[in-house]
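For reference, the structure is listed below as structure tokens.
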Amino acid sequence: MSNKQNATLNITGMTCAACSNRIEKRLNKMDNVKAQVNLTTEKATIEYDTNDYAINDFVTTVQKLGYDVVIDKAELDITGMTCAACSNRIEKVLNKAPGVKDATVNLTTEQAMVTYYPGQTDLDTLIGRIRNLGYDAQPKQSEEDQATRKQQELKHKRNKLMISTILSLPLLMTMLVHLFNMHLPDILMNPWFQFILATPIQFIIGWQFYVGAYKNLRNGGFNMDVLVALGTSAAYFYSIYEMIKWFSGATNMPHLYFETSAVLITLILFGKYLEARAKSQTTNALSELLNLQAKEARLIDDNGMEKMVPLNQVNVDDILLIKPGEKIPVDGQIIKGETAIDESMLTGESMPVDKHVDDVVIGSTMNTNGVITIMATKVGKDTALSNIIKVVEEAQSSKAPIQRLADIISGYFVPIVIAIALLTFLIWITLVHPGQFEDALVAAISVLVIACPCALGLATPTSIMVGTGRAAENGILFKGGEYVERTHQVDTVVFDKTGTLTHGKPEVTYFEGDKDTLTLVASAENNSEHPLATAIVNYAKQHKVNLVNVTNYQTLPGHGIQAIIDDSMLFVGNQKLMLDHQINIQSIKQKMKQMEAEGHTVMLIAYDGKLRGMIAVADTVKASAKEAIQQLSSMNIRTVMLTGDNERTAKAIAKEVGIDQVIAGVLPEDKAHHITQLQEQKHNVAMVGDGINDAPALVKADIGIAMGTGTEVAIEAADITILGGDIQLVPKAIHASHKTIRNIKQNLFWAFGYNIAGIPIAAMGLLAPWIAGAAMALSSVSVVSNALRLKRMKL
């Protein structure tokens, strides 16, 4: 049966009619597809049969031609979800909606992340689909508004719990009569008194369960509300039946279960309240990041006057004044003044960093001592901190593959539990205690209320939220839950050398000669822009050397440099340069070879026809590199260096830090090939690089880890970003993934084990309904509480 549908795609990258014609021709070659591409509106209108194609098929076709399709991303706040069945149902409906590329719904954060094609659908349509299911949705609020809303919800839950507890306590005491054979005042045993207390709990305080159950059943779904409504209603209405019999003249005191329905609702509300409180703590890491942001800025207007303005009023190119002790409000560039900036909130480096004119400063870092004027370069959502917050938010809202089993089971969970409860009732009334309706009913109610789909739904996302949040506090940004799980499987870590294991810039590592010799070399090298020359000049400045005038400076390609100082010739360069000018180097030759064998670039110094000394320069290894490699080795993880540098230098550095294998002389475009070779050997590979030159290898690896700084967070290039470039965070990231996945497995074991053991025990009549309800209420609390242990995770 044909199912025709029209789709509209917004296409980018078209520059002329040839582009639009090419796309249109290619789309129309697809079977049973009619397409028109409009260059002016940059839209493609496509008529197709949904039995043959999905919208993503056309997107892929356009992208293969070298163009792209506009994709929007929406974040929605959802209210009314009570368990995993709710979040799974919403997710399925959104993913089936026309124009939706991908949707994930997180029960813990109560949010949906939807990527969609704007020509096909829009935000209002997506919200409408969620509301049709019986839930409420709205565009994501600001963190402040969300916090206020959740505080109000928590207060509302607490108030309902308090009222329910007050009404339930007298009924709970009637349970104690049966358990401990206690004597209670007659009024507590009076059916009318129990009815008056239980009814508002059932139909006012517990009305939310009926509403939730109705909305789900109306849309063909089942969730926790259905179980609670069925279980408590069975107990309540059976008690009404017994009351009517007694009121009609029955001589025996009725067997009432008002206390069962009332106490069940109270216990479930108690569990939900504890769960909400615990879940609010899972977002602490994100809240702390948000609190780092400055609230206002000191703007210098066109007249040179200062005025304080809210942060959202600062624009790019605005001039801002920052005084000592104030936060840098936005990313910018210093145009006046100098200071030291505490960047520890982004890089983890405790020592303030000196900043001068033209240096870049990062929003939300702290100005420690000087008065500076900056020009804003990035504001709002473009700042480094905003990008970090975005990564953490997306990671905390994402799903890990390990969650799939729980999602599948929770989709069928409630109908299966209802079937088991019905079967339990039939077995009890026909086989266990034939004709004993009450015993059968109690066993069935226990089955209904002990089953807990909530624990299944919370097991993975709460651990992901807390684990990624804790990692972010330590400068480790996971892109999503999927990458937490994949990092856990890594057995080989490949390192780029320059900028990853080393500082990425040459430094003087050895100097042999007197201060006058250093003056000569630095004065000559001050005429060069070469990185080695810069390293020598910086070294001289550190040793308080005063430079002198140089004439006839000349670069000698492949050899070094020459210059005239005080009418005498200076040569700085390699062994061949010295030999060409008959300079005797025997006294220094052995030391030179030793330094070169260790990967240093050695330059000999001759002045006025005589050897004056030697200076060696190298890209020095980071202090933490050796310890990082040792930590990886202790975790039984193989380490590899992949570099474009020469083999001698690479092996020297590898030996210094303890790396297992060296692959040297590799061009950037060939690095991905070597990653593939390791993967073909059945290794799960993580690639650690700078996120720019190593982009192909980062993408090819099972896990790409980018070493970023506050201004160069390579978020798009890698699955994990290490802030500040501290290589010790690489083993810590892997350790964090191990801890988080272990926590998830503990949660899933508890969630599955609880239901697998609890339901049969309840079916055998070994648990009173109120005990079963208490167990259900506390099961999800225990899962969230276990996840919160990750907040204390040591990295």
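Please read every residue number as a count from 1 along the shown chain.
Note that Cβ sites are derived from N, Cα and C of the backbone, with glycine treated the same way.
The domain 'HMA 1' feature in Swiss-Prot is assigned to 5-70. Marked as Cu(+) 1 binding site by Swiss-Prot on the basis of sequence analysis: Cys16, Cys19. Look at Swiss-Prot and you will find Cys83, Cys86 tagged as Cu(+) 2 binding site, backed by sequence analysis. As annotated by Swiss-Prot, transmembrane segment applies to 161-181, 187-207, 224-244, 256-276, 412-432, 440-460, 747-764, 770-788, with the evidence given as sequence analysis. The active site, 4-aspartylphosphate intermediate annotation in Swiss-Prot covers Asp496. Here Swiss-Prot flags Asp690, Asp694 as Mg(2+) binding site.
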For Asp496 (active site, 4-aspartylphosphate intermediate), the three-state class that DSSP assigns: coil
Neighbour count (Cβ, 10 Å) for Cys86 (Cu(+) 2 binding site): 30
Summary of DSSP states over the domain 'HMA 1' (5-70), given as helix, strand and coil counts: 22 helix, 22 strand, 22 coil
Per Cβ pairs under 8 Å, the stretch of 187-207, 224-244, 256-276, 412-432, 770-788 packing most closely against the transmembrane segment (440-460): 412-432
Distal contacts, the transmembrane segment (770-788) - CB-CB under 8 A, six or more residues away: 172, 175, 231, 259-260, 263-264, 267-268, 270-272, 274-275, 278-279, 281-282, 445-447, 449-452, 454-455, 458-459, 462-463, 465-466, 743, 746-747, 750-751, 754, 758, 762
Intrachain neighbours beyond the transmembrane segment (412-432), with Cβ under 8 angstroms and 6 or more residues off its ends: 84-85, 222-224, 226-227, 230, 439-441, 443-445, 447-448, 451, 453, 456, 755, 759, 762-763, 765
Among Asp496, Asp690, Asp694, which are recorded positions, the residue with the most C-beta atoms within 10 angstroms of its C-beta: Asp694
Cα proximity to Cys16 (Cu(+) 1 binding site), best match among binding-site residues Cys86, Asp690, Asp694: Asp694
Same-chain residue ranges lying at least 6 outside the transmembrane segment (187-207) that approach it to Cβ under 8 Å: 160, 163-164, 167-168, 170-171, 173-174, 177, 228, 232-233, 236, 239-240, 242-243, 246-247, 253-254, 256, 258-259, 261-262, 265-266, 269
Site of maximum Cβ density within 10 Å, from binding-site residues Cys16, Cys19, Cys83: Cys83
Those recorded positions, out of Cys19, Cys83, Cys86, Asp496, that come within 10 angstroms of Asp690 (Mg(2+) binding site) at the Cα: Asp496
From recorded positions Cys83, Cys86, Asp496, Asp694, the one whose Cα lies nearest Cys19 (Cu(+) 1 binding site): Asp694
Listed binding-site residues among Cys83, Cys86, Asp694 whose Cα sits within 10 Å of Asp496 (active site, 4-aspartylphosphate intermediate): Asp694
